[in-house]
Amino acid sequence: MQESQTKSMFVSRALEKILADKEVKRPQHSQLRRACQVALDEIKAELEKQRLGAAAPPKANFIEADKYFLPFELACQSKSPRVVSTSLDCLQKLIAYGHITGNAPDSGAPGKRLIDRIVETICNCFQGPQTDEGVQLQIIKALLTAVTSPHIEIHEGTILQTVRTCYNIYLASKNLINQTTAKATLTQMLNVIFTRMENQVLQEARELEKPMQSKPQSPVIQATAGSPKFSRLKQSQAQSKPTTPEKAELPNGDHAQSGLGKVSLENGEAPRERGSPVSGRAEPSRGTDSGAQEVVKDILEDVVTSAVKEAAEKHGLPEPDRALGALECQECAVPPGVDENSQTNGIADDRQSLSSADNLEPDVQGHQVAARFSHILQKDAFLVFRSLCKLSMKPLGEGPPDPKSHELRSKVVSLQLLLSVLQNAGPVFRSHEMFVTAIKQYLCVALSKNGVSSVPDVFELSLAIFLTLLSNFKMHLKMQIEVFFKEIFLNILETSTSSFEHRWMVIQTLTRICADAQCVVDIYVNYDCDLNAANIFERLVNDLSKIAQGRSGHELGMTPLQELSLRKKGLECLVSILKCMVEWSKDLYVNPNHQATLGQERLPDQEMGDGKGLDMARRCSVTSVESTVSSGTQTAIQDDPEQFEVIKQQKEIIEHGIELFNKKPKRGIQFLQEQGMLGAAVEDIAQFLHQEERLDSTQVGEFLGDSTRFNKEVMYAYVDQLDFCEKEFVSALRTFLEGFRLPGEAQKIDRLMEKFAARYIECNQGQTLFASADTAYVLAYSIIMLTTDLHSPQVKNKMTKEQYIKMNRGINDSKDLPEEYLSSIYDEIEGKKIAMKETKEHTIATKSTKQSVASEKQRRLLYNVEMEQMAKTAKALMEAVSHAKAPFTSATHLDHVRPMFKLVWTPLLAAYSIGLQNCDDTEVASLCLEGIRCAVRIACIFGMQLERDAYVQALARFSLLTASSSITEMKQKNIDTIKTLITVAHTDGNYLGNSWHEILKCISQLELAQLIGTGVKTRYLSGSGREREGSLKGHSLAGEEFMGLGLGNLVSGGVDKRQMASFQESVGETSSQSVVVAVDRIFTGSTRLDGNAIVDFVRWLCAVSMDELASPHHPRMFSLQKIVEISYYNMNRIRLQWSRIWHVIGDHFNKVGCNPNEDVAIFAVDSLRQLSMKFLEKGELANFRFQKDFLRPFEHIMKKNRSPTIRDMVIRCIAQMVSSQAANIRSGWKNIFAVFHQAASDHDGNIVELAFQTTGHIVSTIFQHHFPAAIDSFQDAVKCLSEFACNAAFPDTSMEAIRLIRFCGKYVSERPRVLQEYTSDDMNVAPGDRVWVRGWFPILFELSCIINRCKLDVRTRGLTVMFEIMKSYGHTFAKHWWQDLFRIVFRIFDNMKLPEQQSEKSEWMTTTCNHALYAICDVFTQFYEALHEVLLSDVFAQLQWCVKQDNEQLARSGTNCLENLVISNGEKFSPAVWDETCNCMLDIFKTTIPHVLLTWRPAGMEEEVSDRHLDVDLDRQSLSSIDRNASERGQSQLSNPTDDSWKGAPYAHQKLLASLLIKCVVQLELIQTIDNIVFYPATSKKEDAEHMVAAQQDTLDAEIHIETENQGMYKFMSSQHLFKLLDCLQESHSFSKAFNSNYEQRTVLWRAGFKGKSKPNLLKQETSSLACCLRILFRMYVDENRRDSWDEIQQRLLRVCSEALAYFITVNSESHREAWTSLLLLLLTKTLKISDEKFKAHASMYYPYLCEIMQFDLIPELRAVLRKFFLRIGLVYKIWIPEEPSQVPAALSSTW
């Protein structure tokens, strides 16, 4: 009731107002008056009925509406503005408040609804420019209400009409407010149309998700998204509870649930696709919604008010409702409004009319399009969008464009509206197949025309639209985007004639593109990594690089300011690209610092991050909507960086191959085949020529026309791959010649035409026109000729048609072709020549060949021509790809950045370098530095060393710190470069690697510059003589340390104050607190570098420090101080990292500590001391070696630096460490002892004394308390003491050192458990052996070293201590320890270690070896049980060695020791040991027999045959001169080696004599040794004396005879052992007998210089060997225990005695016979003592010899014994029988 009254009130008032108007009272308005009156009457009647309450249920609303609408329609058709305004106002209100819904069918037009008629009526009120301005405003309001009202629905043609009307009002209205309002209304309408479409899908999706049983929700009112008014509307509607009727009757008679939101479409059809309802929103309720009314009213008022305001402020489009990501930032928003007063010049674009009318046109293909939409709202949006696209394509008029012209304004506003639609596009629009297709087919083609417009506004809008497409639609527009870049943007940048304005706008656009990380990476992935696409990214960067470098600005007709602006923008783009790469790969970056990141400092990461986030969100939203909206969108291929990299490599190979082909085709083909990119078959090559468009068409033609067999085959295959089926001949020829340019040579053309003709006939075998292929061949040739004739400018007289027909007579198998046919060919060629393929590079001549443009006018003309060409190409390409689908990859992987950067780092570096070098503009410098920082970051992250080093070197170069030019040239940009370098070091330290070198070098030079700049004398060191502190003036400085800074001229003499002031000013900023702190932060921040980075950092810091210190006159220690600092900072790192750091720093300290400049070395050592103290404080766990590594530099310095000052300082440092940190030292003891080891051999008494004091303190005191910690270094301690002992200059120290070594033995003895429990990581020793390996072995080994190295007194002391230790602690030694020990002991006898000088060697053998030999035997005897099994053979071998030496004393000692050893231990010998012992003696005997005596002849001496008598005399003299006592003492029997007669003899003779002499001595000693071993303590001398006494007394009484049965080793030896000894004795005897008998040889020796008082002889050896032999045999002969051997003994005895007696008879010399006297006494005496039975055998053998002996003049004693012997023979053989026993001599009575 209330609603009806309200509506009636509206209508009544409006009708009354119309009637009251005086215009209506005119006659022509009678129908209007009548209609108004009828309507008023009806309303009154209706109200009366309602008042009486008798009213029936109201009729359907549309019947009433029909009645009420007629007067308004008539009013709108009137010519009176006031009447029309009133009518429009009422209609607007009725629609706004929902009183008119217009769903009723239009009675006047079948198939339409009333609302369509209402809207049409409103639209028709606009009659062009002359329409009243008030009416125009009312029309706008009414139409906006119609479109936005939630109560009515208008679609398709009607909605197009509303938009068209507003559009026309905007164009035609002269009122600025109306124009602006119309434009704002258009924007609002479009917003509503597209938002409704989006919301419908969302609503539909929500309803599908609802469970079937859920109760229906309140309908959703469609409204503009994001508008506060509409959000209020939604709230109010949500709060209200409208009543929903059960059913609503539709005009086609169907009934449907209003909740499902059915609406009727044009012609009553409601297409449904995919089962979705037609409408996603419910039919609005019939009830009046006061909230809705209020909102709609607000909207209308808002639109008008804001429009007026905007017009006044000359503002354009309202801000879009959604955030647009990185590409639509505020800075780059294109002002959509068109300045009415702006003047533009330029030639109109290519004119290609699409439609004659400047109106939007309804959809021609209505149903076909509709059938592909899921809802009518989508169709509405599509129609509006397509219309706007077509409007934007309309050409402008001829001549310069007029900003106020309808055409231009139409174009601009259409583009603005399109931009608005695209910027606010929702998921449906962005993904639905139809919209994507529309964008491809309409919008992109439109943009290809407008994108090269000479009108800046149009161009700018086109760029803005392209940006939006790139941001929101790139997934679908891969190929279109490529065309935009390739044909428009980059062409404009590359063309030298393009205007600054166009370049500026393009580069502004690129700035936005380059700021979107996703976009930048996507461009690279989708184009540069696509085999079929252009290298957009690479080309873009190269172009931007050229712009940034500011090349050829004068050629481009730009002012310097414009060029600079362009350069800045170019640089900004390049920097943005790198920022994007940094942003893209930021997850890989590890910032060593927490204070700041590169991103926060350098780039607007927030924007970039948000942009990327939005972009990702957009991609996600598109994906989510695609499943419900569209089935035709492109699915992205998988993002695999490795795959793309492979493709990129292939592409580069192909491009290189094409480049080669375009120079020399065969080379290109060969290269591609070698790389596997092209098959070997001719078909493959032919296909390649067809498909690859980048090939030079001329080269292709030349290649195909070549006469070689291979080329022919390719040409045949090429032609065979063409299909000419059912093609006209000329058309086929055109197709054929499209692929290449015909070569100039006739023969080549001939071959090509021949094959073409054959192929054409082959494809068209059914044709009857040509008799054979010959006809086709001739005709083809003639067509080529005709083309040349008709279209060549050189040909003046063109061929006529008749001439052409005549020329072709008789070519068809001697017949003619039809004249009509030839005529048509002529006409066709005349109209359009056969255009052969042009090479692409030549399409724009000025691009490749830079022309010098004479004037601005000429440049503009050229540019317009080029733009026209560009537009044609772009449009053609755009149309060609409008239906193509190419998969677009949305990049997600971080790894794309690496190949991207690798591709473009060089042009980037060129741009930044030239920018820094040539331009002093701070903004340019700032951009360049920012770019370099980003580039360094990327190169760092991806480990690209070459690239990283190049950029860091560029920074270093532009800091001027390493430049050779004068530093006074330093500018702000150089200061900023230094700051950038410092920042890079701070933020990218983890990745800098070798680039640290440049950075640290600059920091070093910076410090020098700061010091000089501030007038402070830099810390130079000039050795001991320091120069006076003060100014630099007059300072003579070496050139090299200033070479980098260019300070040579500044600091050398003669610098004036002005120059210095200038310099100080230029470097002043580098001394600012911020720079100083930043530099310091690099070093303090080194703690946050990772393990590898800190090593690189330290390594290069050390290298720079070495450079600083390299100056011989003025070394600097800045970096050295920093090394000390960072050592402090980083000491708390994990030990693994620290050890790697110290490996580098320690090595540096090694070098610095040995610096020839003492001040440097002192600083190094002192720094080392401080660091070491701090490090030692930390302590060390067992088995670690960090201290050892840390302290090693002390060791190195001590070893290499010979400066007493430094050496003394090192010792003092170490002593200080020992005194203060002894408790914390572990592995460091090794270094400490190593340092003292070096000091121990010094010649400086102070150094030795100080070192020894500390060493003594350690060994005697510290070891007491910290022995377990020092075990690992125990060996080093002993070695160190050994070195002190070996310093001959300080004997007292030596003796004390040996005492301390003895003291160390006490530690080992007292603490064996500590040694056993100690485990070391480098010693794989059994626990039982640790005491030996760690304790005893080092002590004994070092003592052996002392013995081997020192002088007599020290080595004797060492020897004594060594054997004392053995004797004292040997009981604790294991058997295998003794083996090691004796190896050490035997080193004393090692020939290699003996002194080389003969005298020293002799002394050594006589003293030390002698001493050692006896000591060995003592030890062996003491520990025989433990040693004999393992060491007896070694001892025997050593004794043998001694015996063989050329030292008489040592040889004697060897035999004596052997004797002592056997006598001392023989009782314990086993048979095996006796065996070994006897073998040893046998070996010694054999090796010491001087066989050379019998054969030797002096070199060059002739043999002299001597007179026999002379020999005899000499011999007699020789033998008589023997001093028996001397020979008994072991003196030479040959001659005296000290005799003067030796001096004349050569050294070799002397050596030989000495050797022979010693061998003889050894033989004699051995005989004595055997004698002593067998019979000790009885001696042969004693026995001989007894025999002599007995003979003298003429008795052999038993009383005088001494029993020796139980003495000596005889009883422990077997007969076999004794036989071995007997063999030795017999051999010795035989040799000496042979020598003594060889008078001639003895004479030779004597004459060769071996002459003394007599000739040499071996008489003593001869007699003593036989005597010993006889004693043993006779002892065995009477031994009952050896009865089983008596036979052998007897045989031996008989043989020996017989030979002896026989020899004696032959001796001529009386003295010789005298020497044998004792032998004969022994022989006869012993024989007399045997039993008669045995005596018989002997007597019978000896008898004849004894008889012979009788004739010699014998001594009485011998005669007495002989007498007894003969008597005994008489008795035994019973020759005589004594009458009584008293007659038998006493000596024989025992045998009697």
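Cβ from N, Cα, C; glycine included.
Checking the candidates S80, S218, S1111, S1470 against Swiss-Prot, the annotation phosphoserine falls on S218. In Swiss-Prot, the annotation phosphothreonine falls on T633, out of T633, T968, T1087. Screening T623, T708, T1406 against Swiss-Prot annotations picks out T623 (annotated as phosphothreonine). Swiss-Prot records phosphoserine for one of S405, S1031, S1535, namely S1535. Swiss-Prot tags one of the stretches 515-535, 767-787, 935-955 as region 'HUS', and that stretch is 515-535. In the region 'HUS' (515-535), the DSSP tally of helix, strand and coil residues is 12 helix, 0 strand, 9 coil. Secondary structure of the domain 'SEC7' (661-792) per DSSP (helix as H, G, I; strand as E, B; remaining residues coil): 90 helix, 0 strand, 42 coil. When averaged over the region 'HUS' (515-535), pLDDT in the model lands at 89.
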